[in-house]
Structures are given as structure tokens and as C-alpha cells.
């Protein structure tokens, strides 16, 4: 393919939805796979809800995920401006063209009149639609209505003769619409701001967009946009409408969709890795040929194709995302995970001021195997800070009453205090040596020891626990355990 140009065009009206970022990702992947251009355009015509702060949210989340855009807001390009509110003069030029060609007209109907029109149609069993009341107004009538203070909208004249509108969708195949079900739709609101369907057609044409990849909720807009392309004498881009994302309950992904967060910011704050989220989102509707599930961004770009995007709805499985993110946490460079984990540790109130970088690194490395996302790290730290509390004291005491447990603890304490280094591998050797010295099997050695040092029946490797606690704390905990017998 040549001259591939795609765009992601969000509205800055709130936090960015996970479905929107999946759309951005698929546009990005398609552009990169085909040596094309990925454009970020901001559709900010909703003046009441659009804010600069929410535009910054879009930039921040895309930067975090590594979805760099080649052209658009902030980076510039030859086809700007890239914010719709900075393009009003451009839109007006094409509104005037449609008005001059009698392909659009001013409509002075009030909201109350439109409501009455629709109610009358409903009572007659007809679908509610605009009747074309203002299609043929003369200038005198317009002047009179304007003198009343009415501010008109501009409506597009949908051809009266029925016409089949065909969308050759790259994902859904041939989709047919009848122009008969489309009424004269508004292209400019009474405040002079263009509507979505008009602005997006002008923008996509002037920005030379070759492919429009967007959610299937926009499929119903496509026939209106095709009518506008034809009226303006422009060739339309190719369309590809992505399937919806459903929760595990098969309902539309929303705040009620089980454990799934719907905003990208929630995943960032929870400590999901951007690489894992990109990997997971790429598989929501697309599948690689070899069915491999762990793929870095370069692998995904290399294999990506619209032909392998499924038209069936994708299910957002949080458990699968957690599994995948855990895989990325364990495979990442330790230094990276330490830097990402530190804020969670500090925010939870754990004091690291007297801890060495080596100790902090070992702490994170010891527990990261249990994490689905980094915010969970605070669930695994209490045993390494402060005084140990045996929450399941009855179970602990029962464990400590076993025969020869006093010999086990005393021998282990002596061997821990005799350590010349707290290197985990040396401690591992010491544990094996201690077990050989004792008249007990592995279970009667390791199980009571783990309870004594951590208060839990399972957890991280004991040699790491001992290295992190230090010799004196280990000795104190073994003594405390003996005192409970």
C-alpha cells in the first residue's frame, strides 16, 4: 500500500475509554505496518464539555502507551490545524458551497416544533424524521423568521429519489443502506458549529485520510458521510469498523462490567505495564497467524493486518489481562520494576529511607512473582516491615508444638547468626546444611520455619525472606515463635 494515512480523532470531554484507545492502537498498527502516517486530530466542537485538561489526558495516555503520532496536535504537519474549533473558517467554505449548489438549506424550525413534528409522526405510526418543512422557503419567509429572532441550522438535502448506499467495509464486508431512511440531517448547528458528520468528512478529505478505522457505533453514520462526499465531489476513504468490546457478562463494557476498568488512567494508576496493555488490547478483535499471545509491539506491527480483525464482538477478560501483565512484570528488567513499584510502597507508608538500593531490589524481586499489577505489591510487604503479628495464632501454635521444633529453631537461629553474608544463595546453602544437621524431614523444617518468620503457610523463597529480614530480626522472630509454644 502507498500513501496510507489514518487518524485517531477523540473528543476531549473526559477520561479516555479503553475502547477508544483500542481504536487508536489499531490505527497506529495499520499505519506502522504499511509505512503510513498516524495522525492525532482533536474533535472539540462540544464546547460545553471539551477542555484543555482532557486534551492533555489524551496526550498523556497515548504517550504512556507509546502510541506516537506522526502528524497532528503538538507535532504539527501540512494539513492543520488539527483541532476542529480552529477550523471553523474551513468548514464554512464548504457549507457555503453546498448552499450555493442548493444541496443544503437553512432550517428555522424550533426544538418545540420539531418535537411536535415527531410526536405527530409517532401517533400516525411513522418513524420520526424531519419532514423537509424548510426545504423550499423563499427569501421573504427567511427574513420574517430571522426577524422573530430565530437562529437557523443548516440541513443537508438528502436526494428524494431512493438510493442504495453501499459501504465496502474492510472488516464487515458489503453493508447496504437505503437513503430513504435518512432524513435531511443537520450539518451546522444554530451556533455556527458544524456537526460531527459534516466536520469529519471535510477533515478526512482535506487531511488526505486513506482509511477510516473506527468503532462499529459509527457504522450508521457512514451513509450520511457518503452522501456528503458525493455532494462535494470527493472520493471517500476506505472504512473499517471495529467490533464492540464486551465485558465478561457479554454486555457493553462499562462501569458495571465486572472488574474491568473502562478508562486507561485506571490501568496506569493500578500499575499495569503499558507493554502488557498494548499486547492485550491488540488481541481484542485481532489474532496473529501463529496464535502466540505474548507479543511485543514490534512483533504485533510485523504481523498486523486488517484482514485478521474479527467482526465479532471482543470480550474484555480481566483475568487474562492480569495473567499477561504478571508475565510482563516477571520478565521485565528488575531496575524498571523497582522504579515503578517504589511509589506504591512509599504511598502505603513503608519507610525505605534506611534501606539500600540492593535491599529494595531484592524486596521487589522477591514478591513480583505474586503480582498481577504493581499496586498489589503492598499486599505482600508487611512481613518485611515492623513487628510480626501471627494472625492465625492457633494454627501457628499448633505448628510450633510439633516434636523437635525447638531444636529446629535453635539450630537455625545459630546458623543464621553465624552467616558472614546475607547473599540469598549463601543462605540457601545454609538452609540445606541446617536440614542435614537436624533429625527431621523437610516438611518439619520448612513449614514451622516459614510460619515463624512470616506468620504465613506459604510465600516467597525463605532464603530471600531471611536476607531481607536480616540476622537479628530472624533470631527475634524464632525466639518469639518458641515463646508461643
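Every residue, even glycine, has its Cβ placed from backbone N, Cα and C.
Per TrEMBL, the stretch carrying the note motif ''KMSKS' region' among 247-251, 252-256, 257-261 is 252-256. With a cut-off of 8 Å between Cβ atoms, the residues of this chain six or more beyond the motif ''HIGH' region' (10-20) that come close are 42-44, 46, 49-52, 54-55, 57-58, 61, 215, 244-245, 253, 260-265, 267, 281, 316.
In the predicted structure, the motif ''HIGH' region' (10-20) carries a mean pLDDT of 96. Remark: secondary structure over the domain 'Aminoacyl-tRNA synthetase class I anticodon-binding' (336-482) totals 104 helix, 0 strand, 43 coil, with classes taken from DSSP.
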